[in-house]
Amino acid sequence: MGNNPEEEEEFLLNHSQNSTKGGVKTIPFIIVNESCERVASFGLQPNMILYITKFYNMDAARASVLLNLWSALSNGLAIFGAFISDSYIGRFRAIAIGTISSLIGMIVLWLTAIFPQIRPLPCGQDQLDCNVATAAQLAVILCSFGLISIGAGFVRPCSVAFGADQLENKENPDNERVMDTYFNWFYASVGISISVAITVIVYIQVQFGWQVGLGVPALLMVLSVSIYLIGSPLYIKAKPKGSLFTGLFQVAVAAFRKRHINVQLNYNDDCYYKSPESKLLKPSIDFRCLNRACIIEDPHMELKPDGKASDPWSLCFVEQVEIMKCFLRVLPMWSTCIMLLVSFGQPLSIYQLLTMDRHITPQFEIPAGSFGIITLLSMTIWIAFYDRALVPLLSRYTGLPTGISPFSRMGIGLFLGIVATAFSAITETIRRNKAINAGFEDDPNAVLNMSSMWFVPQLALYGVAEALNVVGQIEFIYSLFPKTMSSFAAALYTFGLALASLISSLLVSMVDSITSVGGKTSWLATNINRAICRFTDRHHHDGWSSLFPEVEEEHSENRRFHGA
């Protein structure tokens, strides 16, 4: 094979049958690592608002803001993790760093449940004498959240690509089928992991308390780290080759540096900087201001003797410019999903479910934090139904291989999201009126004679809306970008989740601040029975000012069922 390092790297990436590294034998290590991380981290989210409000004496609105910021950080760091991995440290090291960071973060979070000294003292029975968490106590739990976010940011964007590195074999005629099978199994494991997280882990937290409920995710991360590192000798560890995001920034910087160039002039094809294998001779005419980035002004100064750019931040390939234009073209359609994603992730809904009858049988009660499984199931069922039943039928009439266009799917998804939100408002109106009529304005722990199945329509519609809008959006992005950039669609979706969490935090903060002016009861008070009823039945609430009712530790005790 010779002593050329580049040839050796290429041999590893396209490992032959004689190679001892890579292959199917490495996939269980990677999938188990990813699955344990997902079960551990997603299992923390549904009930975390209850943990913060009870043990850190926060009101529901502030806890919701904190959790939305945590979600934004986790999703935002996924883009940062992908950049660091592709540009500097490689996927193997990125996943290792992320897994260990998540482990440390979950151990720190578990310790907050073990040692009461790192939590504020509990509120008094009147809920007015509440101790605010000190800076040191807040620093501990925020540190745990930060470490878990760093872990998610490095593990999630790198795991699927790292597994693909192990199976990529250009000499294998069945390589495409092998890769397709791998992706199917990988994403199936993701779905199963999230399902286990929001059912099993949440159930453990409810039945066995927070010490056990936070200890199990920490143990899962110990397993995750161990399994991943055990497989280390078997992995193909490709070297970093640079990040797509670096190229986008380079185009922006180069176009700004050459802002003096008149793009209205007609340049011949030789004036544009192209890669040797490029089929693009010149850039397109839209977003012409970016064309400056690939115009060669002085070949002697801007090009090396081998034809490469002397400074990639001053001269970019035509392909880089066109990729940047593709990115700008998808932004308007991508932005349409933001508010839909905002409506999906509302931690406050768990307080509604806690006041409703969640019994399936007299002995078994669904944990309030597990209702997210309805959205996941409806999304999965709809995708399968649409792909197997509706696409063949619709294709006969539309002539499109996907049944209907991505734009249509995104639009239908947005409409269903609006309908689901309307159902949510109707359900809460009925629930709150029942609570008021039963005399439970001051008792947020009372359980109404109202089935939690009222939540099923809105949660199911949210699942179908996400399946239509998000999948349609990703397909739209795929149609514009080259195949080598297929991961960019997932990166944009991840960034959308981060932005949606930030917007949700902002909305919650604004509504809470505005509606609580003058000592009024906030619309987002922890006692949801008194939350917005001040504006409908004003004379009952003028003397009430507490925004810190305690979440009952044993919510199943002293339950009272009352009708309307």
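From the backbone N, Cα and C atoms, a Cβ is placed for every residue, glycine too.
Taken from TrEMBL, the feature transmembrane segment covers 65-83 (among others).
Outside the transmembrane segment (95-115), and at least 6 residues removed from its termini, the chain residues within Cβ reach (under 8 Å) are 33, 37, 40-41, 44, 51, 55, 81, 89, 140-141, 143-155, 158-159, 162, 210-211, 213-215, 217-218, 221-222, 224-225, 228-229. Look at TrEMBL and you will find 95-115 (among others) tagged as transmembrane segment.
TrEMBL lists 135-155 (among others) with the feature transmembrane segment.
Residues 27, 31, 34-36, 38-44, 46-47, 159-160, 163, 212-214, 216-217, 367, 369-370, 372-373, 376, 380 of the same chain lie 6 or more positions beyond the ends of the transmembrane segment (185-206) yet place their CB under 8 Å from a CB of it. Feature annotation from TrEMBL assigns transmembrane segment to 185-206 (among others).
Taken from TrEMBL, the feature transmembrane segment covers 212-231 (among others).
If you look up TrEMBL, you'll see 333-354 (among others) marked as transmembrane segment.
Here TrEMBL flags 366-386 (among others) as transmembrane segment. Tertiary proximity for the transmembrane segment (366-386) is limited to same-chain residues at least six positions away from its ends with a CB under 8 Å from its CB atoms, namely 46-47, 50, 191, 194-195, 198-199, 202-203, 205-206, 344, 350, 353-354, 358-360, 403, 452, 455-456, 459-464, 466-468, 471.
Taken from TrEMBL, the feature transmembrane segment covers 407-426 (among others). Away from its own ends, the transmembrane segment (407-426) comes close to residues 333, 336-337, 340, 343, 349, 457-459, 461-462, 464-473, 475-476 of its chain (Cβ-Cβ under 8 Å, at least six residues beyond either end).
For 459-481 (among others), the entry in TrEMBL reads transmembrane segment.
Residues 61, 64-65, 68-69, 71-76, 78-79, 82, 156-157, 244, 327, 330, 334, 337-339, 341-342, 344-346, 348, 470, 473-474, 477-478, 481, 522-524 of the same chain sit 6 or more residues outside the transmembrane segment (488-511) yet have a Cβ under 8 Å from a Cβ within it. Positions annotated as transmembrane segment by TrEMBL: 488-511 (among others).
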Practice item. For the transmembrane segment (212-231), could you work out the same-chain residues 6 or more beyond its ends whose Cβ comes under 8 Å from its Cβ atoms? Key: 26, 29-30, 32-33, 36-37, 39-41, 43-44, 47, 95-96, 99-100, 102-103, 106-107, 109-110, 112-113, 201, 204-206
